[in-house]
Amino acid sequence: MTDPSISPNPHHPHDHSQCVHQALSSAEHLCQREGVRLTALRKRVLELVWQSHKPLGAYDILETLAREDGRRAAPPTVYRALDFLLEQGLVHRIASLNAFIGCSSPEHRHQGQFLICRQCHVAVELDQLPIHQAIADSAAQLGFEVESETVEITGLCKRCREHA
Ligand SMILES: [Zn+2]
Ligand SMILES: [Zn+2]
Ligand SMILES: [Zn+2]
């Protein structure tokens, strides 16, 4: 479970290169452990998703890759790379924004919940098992089989509220 007292609060200024470094090295570990390949493209896409704590759309990723490459990266390749990252739990999809965000604790499987600031667009992942459990229990009581779970909360982060 993510301990907010240890990980930097993404809403506050911090050395983000550390976040990126940490994310890439745990991705490498995780892929090695799972026996799957973190190809150069998959790694680059992950790095792009991690460029900030704001969810990033597939279109932005395609744009950046096209600019870097001078040639347009084939969209299906990029979508496959994103699927791979999702499958490995390295990124989460933010359904309400149709965008992706890096996961800071991919080493254990979880269903995250997100606090999304409508002003600065930073999304903070809550990794709260009790929320997940409550949804699972309520669904089970109704005989409902959960196929995907999306818990996205919008509002104003502390920093934006203070600077309002
Ligand atoms: Zn950061
Ligand atoms: Zn996560
Ligand atoms: Zn904010």
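Backbone N, Cα and C atoms are what each Cβ position is placed from, and that goes for glycine too.
If you check TrEMBL, you get these features:
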type	residues	note
BINDING	Cys117, Cys120, Cys157, Cys160	Zn(2+) binding site
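Each of the binding-site residues Cys157, Cys160 was assessed for Cβ neighbours inside 10 Å, and the highest tally belongs to Cys157.
Taking the centroid of the Cβ atoms of Cys117, Cys120, Cys157, Cys160 as the Zn(2+) site, the other same-chain residues with Cβ within 8 Å of it are His11, Arg118, Gln119, His121, Val122, Leu156, Lys158, Arg159, Arg161.
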